Amino acid sequence: MLLLGCIKEVSDYELVVSLPNGLSGFVPVTQISDAYSKMLNEEVAQGELLEDLNSLPDMYSPGMLVRCVVTSVEKSADGRRSIKLSINPKMVNKGLSTSALAQGMLLSGFVASVEDHGYLIDIGVNGAHAFLPRQKAQNYVKAVKKGPDLKIGQNLNCVIVEVKNMGRVVRLSIDRSEVAASLATERQNWTLSNLLPGLVVKARVQKVTPCGVKMTFLSSFTGIVDFMHVDPEKSTNYSPDQVMKACILSVHPTSKVVHLTLRQAFLHPGGSPNQLSSGRMGAVVEESTVKAFYKQFGAIFELDDGSLAFARLKHLSKTRKSFKHGAFKPGCKHKCRIVDYSLMDEMCIVSLKYQTIEARFLQYQDIHTGDVVQGKVFALKPIGMQVKVAEGIKGLIPSMHLADVILKQPEKKYSIGDGVKCRVLECDPAGKKLILTLKKSLVQSNLPVLSSYEDAKPGLITHGFVVCAREFGCIVKFYNDVKGLVPKHELSSEPASCPEKVFHEGQVVKVTVLKCEPQQERLLLSFRLSGKPGSEGKNEGTPKNKQEVKYQVGEMVDVKVLKKKDNGLEVSVLEGKGSAVAWIPTTHLSDFVVTCKLLWHCLQEGDVLPRVMCLSDNGERIILSRKAAVISAVQEEQVVRSFSEIEPGMLLTGYVRNVMPFGVFVEFPFGVTGLAPKVSMSDKFVTDTKEHFVVGQTVIAKVMSIDEEKQRMLLNLKVSECSSGNAAAESFALLNQYFKEMNEIRNLLRKREELSMAKGLCDELVSGKELQLVVQDMKEDGSALFSGSCVTGLTVTATRYHLGEKKMVPGEKAKAVVLHVDILTSKVYVSLREELLKQ
């Protein structure tokens, strides 16, 4: 579809174009012209800037009219439709051939090259060579004031002055008076297949309707002027057979429907439509008067300054159900807010929705650095998280700013649709760039926002974040890309030997401004908030429990228990460099879930645990693990250090991170995570995932498939699929490890005199021991309870399977073998099966 558009915004990479009926489209930098695209490709290939390649802002400015062709209509991530356009003459003038070119035609052309006596112009017609003499361009160049010459890729309204050799040679003019006076006539032999938007024609009124005017032009063509494009001064005075100038707005290629405009700004080619004063955007109008209502489109209002505005149907009420037709009769008054301005319709776009009228932000200009805003997550990308702050306003939270610490797997914390409270780090309305932070320390900070070097007065205390830690000190960043240096001697009250080990990228810090030179953009800072050693400044500069020694994943250390907490042990690393504080989660005390609980209960403050592996050290906290299978996998290099190393079919040792109704998330050393769907969790049929796995359980997983783009992998946890080939050897190795750890627990318990019952269980009852028992009770599920002199005070039970073929009755004597002893619950599990008793 061909349209006439008006440039609304210009950036280095695209033009934002206002289209008729309040729409907007985007022209990418690659859809300007062939000559311009060729130069762009040369610049990319050479890797350096070309002198004669001008940027889009050098050639285009808001208010310029351009002919466009729709290349695609796409739906963006936030559900809005995005119209992609091209202004390339090859596409816009596609319907023209050399034989169709005639004197007086008004075409779109682009400067292809600059010559001594003029310019070669690309008009997009195959076989036609168009030339613009320098004298025919002088008036235009002086008026536009964009330099002494036209620029390659510049869009021009060209009038054909002369046609030679059947259209193969064309001479053009862009003289402003000639362009403004141009009129499309029957002599130029326009057809519906090559008719162009932007042409001014003489049209005759055929019919006047409430929704617009039907007109004929160029003898046989019919066009429609909708209600938004009648001349506001003459809207009620049109009559059949009246002749007037009209401008073609759009041409539909298949239906051949032509839309026209009668607005004065478009009736002279090269003109520019009226623009809204910047102060009115976002304004709330207490009383706007309904001028007309169109049930399929919306309503026209007269604002308090006499200008006209349009509200689309969906903006007249909160929902379709709440819409009342009677409230929009001519003369009715409503409160509304100006949300946009359509250059092509020369009208404000307004909304009557309460939530829009009360909205805090309507455009990027409404947002200021340091503002705390509410957003909604709509995309997770490698560079960070995209957030929707308001309709049409999107922001980026860089990966570093997703939390106070660096998140390796943000998808575990955030999901699409989540509401988030952020703070604005940087806002550039012209480039529609909004950078946000989710760091709580910054979002909740009550200290002044430092957003310019002029605001940095000596003595100011504020929050920032570390972007670089080196031997010379730290570079701290604030809002609007303001940066400062904390020299080494200002890092703390005591000398810091290795700043890069004490401070890390992204760490939020409180600083004092020592000195600022705004013109040089130099800022000197200090972490010492007061001159006294050990004061608040030192605490802020160095986080609690900050370790000066950095541990690598896989490094083995000996540790001493400092404190027992509900979900793990706080330990200190025993080495010559200094006692670093670390954490062992309860689930990482062993590969076996039962043993984990036992060890947690048995261990006491002061106990030493040898050979524990560093699982992660993010600079804030060192996480350790005692899982023998995980340690073995790391030491034998049976691990992947990044997603790029993963291949389908790999067997990896990891541990259950989360159990969900749809499957199990498994984490591996170095932070890689995968999902085992419900169908791939077990060789048995799975109804409830929680009956098969628990968080922290050590597992061997097989990689089924990977999605490199989304950084996801699917796993298989079926035992039949995850064996390396020697199942018997693997099973005996696991049993050996289990008994080794149980022996360790017995030795620990022997030291604890107060745990006499547990001590007795450990010493007397071991797996495989035979017992003489008496049946005490038979349960409904077929299991049996036993008693005996050797198991006084304990609960002894055998399941239905382990009773074998025997039918037991209370009081009956039986010989049994110990299968398992649960020290924590004082339960003993036994079996009466003959094949076990014989062994």
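Backbone N, Cα and C define each Cβ position, glycine as well.
Predicted automatically and left uncurated, TrEMBL annotations should be read as such.
Per-residue pLDDT, averaged across the domain 'S1 motif' (1-88), gives 87. Annotated domain 'S1 motif' per TrEMBL: 1-88 (among others), in sequence order.
What TrEMBL records for 104-175 (among others) is domain 'S1 motif'.
DSSP labels the residues of the domain 'S1 motif' (198-263) in these numbers: 0 helix, 35 strand, 31 coil. The feature domain 'S1 motif' is assigned by TrEMBL to 198-263 (among others).
Here TrEMBL flags 370-439 (among others) as domain 'S1 motif'.
Residues or ranges marked as domain 'S1 motif' in TrEMBL: 459-528 (among others).
What TrEMBL records for 649-718 (among others) is domain 'S1 motif'.
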Result, the domain 'S1 motif' (104-175) in contact with the domain 'S1 motif' (370-439) (3+ CB pairs under 8 Å): no
Any contact, the domain 'S1 motif' (1-88) to the domain 'S1 motif' (198-263), with at least 3 Cβ pairs under 8 A: yes
